[in-house]
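Data first, discussion second: the structure below is written as structure tokens.
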Amino acid sequence: MACLDISCLRQSTMQRKKTTMTTTAEKEVLTLDGAVDRHGRPAVRGKTGTWVAGILLLVNQGLATLAFFGVGVNLVLFLTRVIGQDNAAAANNVSKWTGTVYIFSLLGAFLSDSYLGRFKTCAIFQAIFVLGLASLSITSGLFLLKPKGCGDEHTPCDSHSSYHIALFYLSVYLVALGNGGYQPNIATFGADQFDEEDPKEGLSKIAFFSYFYLALNLGSLFSNTILGYFEDEGMWVIGFWASTASAAMALILFLCGIPRYRHFTPKGNPLSRVSQVLAAATRKWKVQIMPNSEGLFDEDEKDLVSNNGARKILHTNGFRFLDRAAAITLPEMDQFDDGTRNPWRLCTVTQVEEVKCVLRLLPIWLCTILYSVVFTQMASLFVEQGAVMRTNISTFHIPPASMSSFDILSVAAFIFIYRRVIDPIYTRLTKSSLTELQRMGIGLVIAICAMVSAGTVEVFRLRYADKDCLHCEESSSLSIFWQIPQYVLIGASEVFMYVGQLEFFNSQAPDGLKSFGSALCMTSISFGNYVSSLLVTIVMKVSTNGNMPGWIPGNLNRGHLDRFFFLLAILTAADLVVYIICAKWYKYIKFESREAAAAAATAAV
């Protein structure tokens, strides 16, 4: 008999709703890596992250890079033509500024990992970036480009007051702060959109770093060509306002992805965790450690699973002095009876392993700094070398800074060559892929070749140069296109070194230090710029003697820039030897899988 009364109808309707909700829940598969959505709920795989968010962030990165290099790629020429600095001073100031950009990446990483999370940190620093670019555009147009039309290769600008110079430096360092704080977090935030516990998304996460670096280079392609041309012709204000518009578009696009992003909650101040390990290990320096990590304290699995999605790090045997921080002594056992633990006296194994991980990463990081010295020459001495070569094809003038387009095209080509040709062939022959450390070593080898190529070009350039020129731009008959090999080699080396670095530091950093891992990559570029500046200063002091103007004088035709490039090749070769030793010594971090942790937590309950 059919049920026709209202109560039966309500019961039937409720049953259908429950069935629909159950079906929906079955379809909404959650991620396995502990990610959450914008409301703090576990992230649903089909509704958050993946390439929908990833592509949005790649476009954001491309636009932000376009904006940054709209300033950075020709900054050395702006300093010489508009501010009135000589070649050596301009190269040093560009190196210092670029270095500061990446020093600020540590600040951004710290705020992200500790308090704000990656999304908020990216949004705040992108806003600062836009503000700095707008300030630079206004300052240049109103105060610096006087008389009107100055700033090209033929018309130098008037001298400026200290107030106007201070406004200029405030603007460019706001750009440095904004871009520096944003860069390491956007790379890690993009990687967060892929669940590494899922096989398919795990492969996408690895691919993301290659495409991220490709987006970075494609974004700078427009800057190095179109914007570079306008700025080289003295239209600096147009170039700077175009950069401002690009950065504003990047920020708007970034905010449009809010509903789709996956997030990881901050894990707390890493400095306090490191300090606790060092303090506890020092307090118990007389304590004897048992073999095989027996007697060391670690959190219960159920506590670890609920600890903001962080994974347990398995114990390793290196740096055994630090294991004392996790050694349980009689006073700590008494605290357990009270249900309390003083983290400054007793730390977990995972906490100790975080510190060990950072200590193991540092030698590898130090070895990448000299590579960054080679890399930074593209924005300084390569540009100055190109400016004194023949830069005309018929009546068309090629801006020296635009030659870095060949570096960008090389990066784009070698990313696909590596992923589609080199890696599959190597995997087929050896049954394994090249590790990140192996790829970084290959990058160093190619960088040596790039410096040898640059030095060789300079040797031939000097043979065709006019050493008595007054205005020495285009003073050599050697074509600027002879620089192509050195730019192509630098681009190829970047694919192996910087993409490998991004993957390596992201995978080897503990869960609470992921942005710090990306910042290590950025800060190696920073210290590379500072070391480059220091090398230029030392070389000029040593090589300048009496009638000798030094290796890098204002008139490069009287110097020996070739010797500086060959010196970098020798230093990089020595660095390669040290790197190989450090790479063989390095021990990879070992995480406990989240599934195993969850199973152990269930068993503990």
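Just so it is clear, glycine is given a Cβ too, placed from its N, Cα and C backbone atoms.
Taken straight from TrEMBL:
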- 51-79: transmembrane segment (TRANSMEM)
- 99-116: transmembrane segment (TRANSMEM)
- 123-145: transmembrane segment (TRANSMEM)
- 165-182: transmembrane segment (TRANSMEM)
- 203-222: transmembrane segment (TRANSMEM)
- 234-258: transmembrane segment (TRANSMEM)
- 361-383: transmembrane segment (TRANSMEM)
- 403-421: transmembrane segment (TRANSMEM)
- 442-460: transmembrane segment (TRANSMEM)
- 480-499: transmembrane segment (TRANSMEM)
- 520-544: transmembrane segment (TRANSMEM)
- 564-586: transmembrane segment (TRANSMEM)
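Taking pairs at least six residues apart, the transmembrane segment (564-586) and the transmembrane segment (442-460) share three or more Cβ pairs below 8 Å and count as touching. By the Cβ criterion (distance under 8 Å, sequence gap of 6 or more), the transmembrane segment (51-79) is counted as touching the transmembrane segment (234-258), at least 3 such pairs being found.
When each of 99-116, 203-222, 234-258, 361-383 is checked for Cβ pairs under 8 Å to the transmembrane segment (165-182), 99-116 comes out on top.
Stretch with the largest number of CB pairs closer than 8 A to the transmembrane segment (99-116), among 123-145, 203-222, 234-258, 442-460, 520-544: 520-544.
Between the transmembrane segment (123-145) and the transmembrane segment (520-544) there are fewer than 3 Cβ pairs closer than 8 Å, counting only pairs 6 or more residues apart in sequence, which means the two stretches are not in contact. Sequence-remote contacts of a segment are chain residues at least 6 beyond its ends whose Cβ falls under 8 Å from one of its Cβ atoms, and for the transmembrane segment (520-544) they are 88, 91-92, 94-96, 98-103, 105-106, 180, 183-184, 187, 361, 365, 368-377, 380, 498, 501-502, 505, 509, 550-553, 560, 563-564, 567-568. Contact count against the transmembrane segment (361-383) (Cβ pairs under 8 Å) is highest for 480-499, out of 203-222, 403-421, 442-460, 480-499.
Looking at 203-222, 234-258, 403-421, 480-499, the range that has the most CB pairs within less than 8 A of the transmembrane segment (442-460) turns out to be 480-499.
Only residues 6 or more beyond the boundaries of the transmembrane segment (234-258), in the same chain, are considered here, and those with a CB under 8 A from a CB of the stretch are 38, 53, 56-57, 59-61, 63-64, 66-68, 70-71, 74, 78, 81-82, 119, 122-123, 126-127, 129-130, 133-134, 136-137, 140-141, 145, 149-152, 155, 223, 227.
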